[in-house]
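Colleague: My questions all concern the structure below.
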């Protein structure tokens, strides 16, 4: 199985998963890049997976379905183009992989991640929940939901690969360095991120550089407390403070 990012819009990635001469597309913001990829690689679209109902994630799903009407569109009931409604725990297959749907709200009140388990490990297509060195903004969800989604991700094996839908890594790492200026892993990752695409990323890597997965680290908590000017008594409070600080960070 081969997984390829296809650039779309300004900073979106549409993830294309190939098995044989069939492919899945994840979060098609627009149809043209997907269609070009399929034609160039002589592939048939087998499935479309949508994580949440924002135009830059579902915008191309309806057009793709019209072009490949035997190709199901998976998504929750608020995904207009969905032909196969999913909920937490829904399972299906693609190629030799097993797909499990997780509810990972926070960015939006209903947000799906797709966990693809293959012989080489777990691949998580996480939309706008987790970014490398960062997390999604809270729109219609809650910070408590987003924190819980991160805690669930953090219980996966450390070699799990995450496939976010945006390349925000360099900006996120600059904020992470603001929180942990002495973290050598962040400095190394930032130098690399300025030169090349960074995704996917392992959970092991994110545990070293993502402040939103490091809320129990004393240096992170202390820095957040210093910046917000108050005591933070739990991982959730540190997480919420970091999200507010990131919102204001330039």
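Glycine is no exception: its Cβ is also placed from the backbone N, Cα and C atoms.
As annotated in Swiss-Prot:
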- 52, 54, 107, 128: Zn(2+) 1 binding site (BINDING)
- 56, 57, 128, 166: Zn(2+) 2 binding site (BINDING)
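So that I understand the layout, could you describe where these features sit and how close they are to other parts?
Modeller: Residue 52 (Zn(2+) 1 binding site) is surrounded by 28 other CB atoms, counting those within 10 A of its CB over all protein chains shown. Secondary structure at residue 52 (Zn(2+) 1 binding site), as computed by DSSP, is coil.
All protein chains considered, the CB of residue 57 (Zn(2+) 2 binding site) has 25 other CB atoms within 10 Å.
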Colleague: Could you name the residues, excluding 56, 57, 128, 166, of the same chain that surround the Zn(2+) 2 site, i.e. Cβ within 8 Å of the Cβ centre of those residues, in sequence order?
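Modeller: Output for this site, in sequence order: 12, 27, 29, 51, 52, 54, 127, 165.
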Colleague: Quick check for the class: what is the C-alpha distance, in angstrom and rounded, between residue 52 (Zn(2+) 1 binding site) and residue 166 (Zn(2+) 2 binding site)?
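Modeller: With distance taken Cα to Cα, residue 166 (Zn(2+) 2 binding site) is 14 Å from residue 52 (Zn(2+) 1 binding site).
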Colleague: Fewest other C-beta atoms within 10 angstroms of its own C-beta: which of the binding-site residues 54, 107 fits that?
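Modeller: Lowest Cβ count within 10 Å among the binding-site residues (54, 107) is 54.
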